[in-house]
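Notes for the one structure printed next.
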């Protein structure tokens, strides 16, 4: 017989002040609810099989639309519109700024209007803009359309992070985030395969092949938005929302379990439906621990913009034709998906974050060292295999997000931090877009040296963040354990410390 899950005297090391406990409510939460581990496992599986596929579908569509620009570049977009990769790089920098601004507000909009409404609206908006790419005619229109795509795409990932937090426990989130970003790599693979076919429509109905690529992607995205609007529930307690949920996939008891298990895992989620305040923004901005994760993001993801944008072109320079070069990006993406999900699953299982990040970045460093120092006249199969190694390095951005999220509280602060880290995951593009220059093409040796420096620095940052949390845990434990039971009770009753600032909050290193 499976164990009974009962209300604990203290559901989390974090205890909300009494006034917050009284005012904070989450629909469906039952403080007295008892259920078996088998029941909770069943609910978790239903969420994974009925809710998560739609989330993965939304990010699949997002990354297809984000990566098709690299396929279009290799298919002749700059040449057809009459400009060089300098315009591509400048537009990439502009995109990064606007995407980051939109990302910062994405989580806040999700709190205000609900992720189930915000996400489909955003998908529909950028679907229209993606479609519009197929009809641009000059440099100014290219800049305009890239600005619009950044503003419409930017908010969806932080909105999704807010959404996932209401369905999953802390020790489940990193693995689901690896699925989330893993599907993005699969989307890159599919985008490459689609491009290898659609680019061959060059001249059909007087349109370039890359225009067909955007038109098809745009239509798919618009249809996806309609489906998402009818499939995403308001919360685990409202799975009957939308006709694609077919009357609901959690019954009444399961709905209560779905909400209660998440709140018991993190009592701060009693405030999950509260809106973000200016004080939440300020507390996030002055938290140096959050900044550690933001800097890891800024430096650690720098390689993605130059390498991702020009990967089909780099493979093409090895001697493969343009259609084969685009198709060959697919195996790279698939390997990256496998290694990322495996590493993140292992991190969740072991309850460790820092060394996993160091391992992934060391792998990446080795790949770029090989890319730089293998001779230019090496056999094209050898050169391609090096890109396979680089792309296969586990992508640790979802791990970093989960690490920051589980070590940041209360909920308002965590929400703002989610928006900031997605903003950081794109603002780096302002300088990263300039790393590969036309004068350095097609092998970009100077740019690769710069990337090697960024990756090496990132390894040191992961190590620093890990030992920061270890040190803080030791310092706080020493102070907390020195208190008597009466002093601890007095602290709980009178402290103004909240969330991760409390003495009894334990960081995960």
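Just so it is clear, glycine is given a Cβ too, placed from its N, Cα and C backbone atoms.
The range from 355-374, 415-434 that TrEMBL describes as transmembrane segment is residues 415-434. TrEMBL assigns the feature transmembrane segment to residues 446-464, out of the candidate ranges 256-274, 446-464, 465-483. Here the domain 'Major facilitator superfamily (MFS) profile' (51-476) has a mean pLDDT of 91 out of 100.
Sequence-distant contacts of the transmembrane segment (210-228) (same chain, at least 6 residues past either end, Cβ-Cβ under 8 Å): 54, 57-58, 61, 64-65, 68, 71-72, 75-77, 80, 119-121, 123-124, 126-135, 191, 194-195, 198-199, 201, 204, 244. Among residues of the same chain six or more beyond the transmembrane segment (322-345), those with a C-beta under 8 A of the stretch's C-beta atoms are 71, 74-75, 174-175, 177-179, 181-183, 185-186, 188-190, 192-193, 195-196, 199-200, 311-313, 315-316, 356, 359-360, 384, 387-388, 390-396, 398-399, 402. Fewer than three CB pairs closer than 8 A are found between the transmembrane segment (415-434) and the transmembrane segment (177-198), and contact between the two stretches is not assigned (pairs 6 or more residues apart). If one looks beyond the transmembrane segment (290-310) by at least 6 residues along the same chain, the residues whose Cβ comes under 8 Å of a Cβ in the stretch are 67, 69-70, 73, 88, 92, 96, 188, 284, 357, 361, 364, 368, 390, 396-397, 400-401, 403-404, 408, 417, 420-421, 424-425, 427-429, 431-433, 435-436, 444, 447, 451, 454-455, 457-458, 461-462, 464-465, 468. Away from its own ends, the transmembrane segment (177-198) comes close to residues 52, 55-56, 59-64, 67-68, 71-72, 74-75, 160-161, 164, 209, 212-213, 216-217, 308, 312, 323-324, 326-334, 336-337, 340-341, 343-345, 395, 397-399, 401-402 of its chain (Cβ-Cβ under 8 Å, at least six residues beyond either end).
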